[in-house]
Amino acid sequence: MSGAIGGAEVHGFRGAAAQLPRSRVLGRPIRVAPPAAARPGGASAGSIRAVSAPAKKDASEVKRSKVEIIKEKSNFLRYPLNEELVSEAPNINESAVQLIKFHGSYQQTDRDVRGQKNYSFMLRTKNPCGKVPNQLYLAMDTLADEFGIGTLRLTTRQTFQLHGVLKKNLKTVLSTVIKNMGSTLGACGDLNRNVLAPAAPYVKKDILFAQQTAENIAALLTPQSGAYYDLWVDGEKIMSAEEPPEVTKARNDNSHGTNFPDSPEPIYGTQYLPRKFKVAVTAAGDNSVDILTNDIGVVVVSDDAGEPIGFNIYVGGGMGRTHRVETTFPRLADPLGYVPKEDILYAIKAIVVTQRENGRRDDRKYSRMKYMIDRWGIDRFRAEVEKYYGKKFESFRPLPEWQFNSYLGWQEQGDGKLFYGVHVDNGRVGGQAKKTLREIIEKYNLDVSITPNQNLILCGIDQAWREPITTALAQAGLLEPKDVDPLNLTAMACPALPLCPLAQTEAERGILPILKRIRAVFNKVGIKDSESVVVRITGCPNGCARPYMAELGFVGDGPKSYQIWLGGTPNQSTLAESFMDKVKLDDIEKVLEPLFTYWNGTRQEGESFGSFTNRTGFDKLKEVVNKWAESPSAA
């Protein structure tokens, strides 16, 4: 393999931790050998260089994370998951827990139940662009009732999550998804996750091109070993469509040393990637996908006639962090360069291989690509990617200002049909709303799309169907956007408790009461009902609902306790910062009332709350909050 870095390497950190004491560990590149004793039927694969840290400075062997060992010994994601799935136990062992993530599932327990482990599995689908065929939606709806908890969860990466599946039902559920034009392969795990793109079914050249590019990138980076089909449909590889030839060509191309030519995983090898990897594609100006939060952000560039001609590429975004570890941080992506449209798959592959070869595999807190770029700087990273790309990146093309698009309500597709964006609180589809949505989707044979804001788009609607669909949705409590509080329209929360093992407090179950309390504060301080701020809540610092881009972010840091983050902007182009730690749920008004009072009284015309907090500065805002605590009238 090319691109190895010789000698020792120091893993320092910059950015958010620049002013803080930072631990620096001496790292060195090593070669990870293939499994010494591959399972029957295993193929030998090329080695992947893992950038790791010795356990001690004088250690003779490099210590890799346990997940790296599990991947190495798994025979390309098969073993020991295949054995654990047929055992009588209701759960699977730790090695299998790590591997089943690659197949699109997490093992969970119900944390509301005390004194025993109630095991179940969450399944997550892979839906590039959020596209869901009619057949798949109806299948997921049925599976939720028969094998889940009776609800479907729409996610911030345009997928479904199905909670509460018992181990004994996993194969039935996954095989049903596969046989109904769906997949869960790569929805979790150390590889490329679901690829985002604008969810709206507009018949516009740039939107269609962004969606097609997202689907091609998803296909390029899909695991190839066949383990997924071996485990869930007994080796029958069910394809809904032939792979585009340009995808196959790009995957197989090894002219710049990107591939393991003798491996069933030519891009990933035995070790896959160091950590999760996220890609989004969008049209210029459309930031419905939170483009700067991804490992790779791809933006369609068009000529004066509106014809797509290439792409601007951003790299190094990511939300996850760890409380009290200041060397971990959320980060916005940097501009990498421009590529002609025919080169996009090769450029994407080169970036992925750079992360594969140079991302840290010793400490998973630092394994995301954002830390490599923060450590190296964008110029060094670009030079390394160009070795695998085989070309120089061109200069960024000018882009318009970003705008957030929710795609809610009735809109023209551009082909004579309509689409309707349904606002779904927290993305949780259940009860009468679930029943009504199924009836509409089934009756009118509609395809749907899932948005990155956890909402659902009904696609391809005839004009004559508009009135009966609007009436049916309203009767089920799915109101038109004009009838929903603006706070709710842009708010997001992760599922958190009771099933997520990482949650430190509530998110989904707590956000609606919090939004009502924010609206009450607005009313108290004289902010109009039509006004809003972007609120996002997560139960832990991993950032699944992207709270670090919110104007007002709540990040769980203990039972009924949150960090408060301020400074994101409505178009999701600015990173928020931590404003206050350990704010108890019962005390949030003590922080919000002085902040909103000060915003309402001193903001510039049309100034958003996020822009206001950035202009004012945290020192002044903390002074305002502290004075309010001493005497509200003095603030």
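Note: Cβ is positioned from N, Cα and C throughout, glycine not excepted.
Predicted, not measured: the structure shown is a model, and the values here were computed from it.
Residues annotated as [4Fe-4S] cluster binding site in Swiss-Prot, with similarity to another entry given as evidence: CYS494, CYS500, CYS540, CYS544. Sequence annotations record features per position, and here Swiss-Prot assigns siroheme binding site to CYS544 based on similarity to another entry. Look at Swiss-Prot and you will find 245-254 tagged as compositional bias 'Basic and acidic residues'. Swiss-Prot lists 31-50, 245-267 with the feature region 'Disordered'. According to Swiss-Prot, the feature transit peptide maps to 1-50.
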CYS500 ([4Fe-4S] cluster binding site) CB neighbourhood, other CB atoms within 10 A: 22
On a simple 10 Å Cβ count over all chains shown, which one of the binding-site residues CYS494, CYS544 is most densely packed? CYS494
Helix, strand or coil at CYS540 ([4Fe-4S] cluster binding site) [DSSP, three-state]: coil
Count the other Cβ atoms sitting within 10 Å of the Cβ of CYS540 ([4Fe-4S] cluster binding site), across every protein chain shown. 22
Specify all same-chain residues, apart from the site residues CYS494, CYS500, CYS540, CYS544, whose Cβ lies within 8 angstroms of the center of the Cβ atoms of the [4Fe-4S] cluster site, ordered by sequence. PRO495, ALA496, LEU502, ALA503, ALA507, THR538, GLY539, ASN542, ALA545
Of the residues in the compositional bias 'Basic and acidic residues' (245-254), how many are helix, strand and coil by DSSP? 8 helix, 0 strand, 2 coil
Conformational class of CYS494 ([4Fe-4S] cluster binding site) under the three-state DSSP mapping: coil
